[in-house]
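Notes follow once the structure below has been shown.
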Amino acid sequence: MWKHRLRVDFHLGIVVMFGAITVLGIAPFGIYRHLTGEWLIALIDLVIVASIVGAVLYAWRTGRTAGVASFLAATYSLGCVAVAHLAGLPGLLWVYPVLVANFLLVRRWPALLISAAAAAAVMASDAALATPVEKILFMVTAIVVSLFSFVFASRAELQRSQLEAIALRDPLTGAGNRRGLELELHAAIVTSQRQATPLGMLIFDIDHFKAINDDFGHEAGDDVLVQLATVVRGSTRANDRFFRLGGEEFTLLLPGASGAALWAIAEKLRSAVETDVQCRGRTVTISIGAASHQGGESAAEWLARADAAMYRAKRGGRNRTMTADDGDGPS
Ligand SMILES: Nc1nc2c(ncn2[C@@H]2O[C@H](COP(=O)(O)OP(=O)(O)OP(=O)(O)O)[C@@H](O)[C@H]2O)c(=O)[nH]1
């Protein structure tokens with residue numbers, strides 16, 4: 001389970017890896033400083049390690065990695081500035097790995113800003129850099145390391161966004177794919193539980209889609225899928241998440257919607273598809289299963305309830321919505 005999360009969530013993987021490296025890299029120095037009686041530096045090391053561990057645990061629990069990554073970059077940078085001013089050379093030696101880490105943790109422009117601020121603050125330390133020549137040498141090497149990292153981060157960001165688009169999107173409809181859904185389900189559940197807001201799911205499937213393919217050809221079928229995606233986007237809000245599960249089956253994650261509201265959204269969507277999606281004059285309809293997330297329910301259980309409701313809608317005659325929740329519309 002934890003291995004799977006680290007594999008599929010790139011940002012969480014980075015944050016956890018940096019947390020582990022921090023503990024392994026800084027904790028022994030903290031112990032050493034404690035043994036040599038350098039209490040202030042030992043305390044700084046302890047504060048860095050404790051706050052990084054706390055931040056990583058927070059990211060693991062909530063799935064909120066962006067804020068934690070910025071916190072890590074700021075903590076590392078402040079840490080090496082403080083050690084440079086207090087202990088001289090040791091702080092200076094930490095600057096270079098910290099400059100590289102900043103570009104791996106946050107986007108390239110904020111990383112450049114944090115790195116420039118950290119390098120300028122270290123340069124002001126007479127304990128670390130005694131002469132003007134040393135200061136200039138440090139400035140030039142810090143700029144070179146930052147620019148190398150900036151170029152590398154730019155390439156990596158571009159490649160990652162291209163790969164994400166390929167790996168997480170369905171190329172035909174532009175909707176997220178099943179893998180994209182898996183990634184977002186966990187984060188959506190955690191957010192709704194933390195904010196105590198409802199979270200709804202619709203699973204819907206085109207009725208008699210095989211007949212459309214058989215009668216008009218695969219291309220006409222593809223065109224129906226594209227039309228359907230356009231109608232879904234037109235009838236949902238910006239923070240609603242839309243995915244193609246495979247074939248002619250789709251799902252919508254609807255933050256803030258549950259119960260009667262969820263059922264009303266489903267019915268609005270069903271009627272919009274019936275009115276606006278056509279194939280050579282033939283009306284296209286969908287069957288919908290609706291389910292509100294229940295506290296303590298796993299993503300798989302929730303999906304299964306919505307799916308079962310959708311199959312009830314199929315068995316009940318198609319072109320209808322069935323809900324998995326008690327007391328809201330037909331169930
Ligand atoms: N054009 C096109 N067809 C697809 C695609 N993916 C799956 N299909 C077809 O979708 C059809 C699904 O057929 P069924 O599972 O029998 O479902 P159905 O005909 O919609 O019947 P009900 O769901 O019971 O109403 C099959 O003919 C698949 O070949 C696609 O990307 N493009």
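Our numbering is plain: 1 for the first residue shown, then up by one each step along the chain.
Each Cβ is built from the backbone N, Cα and C atoms, and glycine gets one as well.
Bear in mind that the values here come from a model prediction, so they are computed numbers and not experimental data.
Copied from TrEMBL, the annotated features are:
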- 197-326: domain 'GGDEF' (DOMAIN)
- 12-33: transmembrane segment (TRANSMEM)
- 39-60: transmembrane segment (TRANSMEM)
- 72-97: transmembrane segment (TRANSMEM)
- 109-129: transmembrane segment (TRANSMEM)
- 136-153: transmembrane segment (TRANSMEM)
Checklist outcome for this item: The answer for the transmembrane segment (72-97), taking Cβ pairs under 8 Å and residues 6+ beyond its ends, is 15, 18-19, 22, 26, 29, 38, 40-41, 44-45, 48, 51-52, 55, 105-106, 110-111, 114-115, 117-119, 121-122, 125, 127-129, 138, 141-142, 145
Next on the checklist: Applying the under-8 angstroms CB criterion, which one of 12-33, 39-60, 136-153 scores highest with the transmembrane segment (109-129)?
Outcome noted: 136-153
Checklist entry - For the transmembrane segment (39-60), what are the same-chain contacts with Cβ under 8 Å, counting residues 6+ beyond its ends? => result 12, 15-16, 18-19, 22-23, 26-27, 29-31, 33, 68, 71-72, 75-76, 79, 82-83, 86-87
Checklist entry - When the pLDDT values for the domain 'GGDEF' (197-326) are averaged, what is the result? => result 95
Checklist entry - When the domain 'GGDEF' (197-326) is classified with DSSP, how many of its residues are helical, how many are strand and how many are coil? => result 61 helix, 35 strand, 34 coil
